[in-house]
Amino acid sequence: MDKFLIDVTVEIPKSSKIKYEYDRKTSQIRVDRILFGSESYPQNYGFIANTLDWDGDELDCFIFADQAFLPGVVVPTRIVGALEMVDDGELDTKLLGVIDCDPRYKEINSVNDLPKHRVDEIIGFLKTYKLLQKKEVIIKGVQSLEWAKKEYQVCVDLMKQYGKLPKDEFIAKMQKLHPEHYQK
């Protein structure tokens, strides 16, 4: 099986309660908020440059690793699957990957190779981390590596075609052109 390697820029270290977010306009990682509840990120979390997901931000990725990485660090990541998710009415895919330069993860090549409990931790986190904000997150399913590759390519194409639009304009345009990706 061919490896699907991508550089992922870390926004949020594993175990953090701080929600950092990349700002494409300024090319900086900013503090977005402190999580409202007692949750913390179960794995490192970041974005993939030159991609645009349906929520108007770069495509997101959880990186399974034993270490917590600093915001802004680029981690070579082997993508193994994805979570298909709807966040506050917008499709917001989360790719799932493992650090590629750690031999402890060399045997993990698909989402089925990950410990189920670790995937369930991420699902549980995503279902609950916005409850106190009164926002709904729906996990539609755990998806395969092939599905993740296709979603990645869609997000690369969206960035090429619409990446210069402000986020609000992009979402408004996509809601008209592709209402199937929005539940508002």
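Keep in mind that glycine also has a Cβ here, set from the backbone N, Cα and C atoms.
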D55, D60 bind Mg(2+) 1 per Swiss-Prot; candidate in D23, D88, D92, D100 listed for that same site: D92
Same-site substrate binder from K14, K17, K19, K116, given that Swiss-Prot records R33, Y45, Y129: K19
Residue pair D60 (Mg(2+) 1 binding site), Y45 (substrate binding site) - Cα distance, angstrom, rounded: 7
Sequence-distant neighbours of Y129 (substrate binding site) in its chain (C-beta under 8 A, six or more apart): L35, F36, G37, E39, V137
D92 (Mg(2+) 1 binding site) - helix vs strand vs coil (DSSP): coil
Maximum Cα-Cα separation (Å), residues K19, R33, Y45, Y129 listed as binding substrate: 15
Between R33 (substrate binding site) and D55 (Mg(2+) 1 binding site): CA-CA distance (Å): 18
Among K19, R33, Y45, which are recorded as binding-site residues, the nearest neighbour of D92 (Mg(2+) 1 binding site) by Cα: Y45
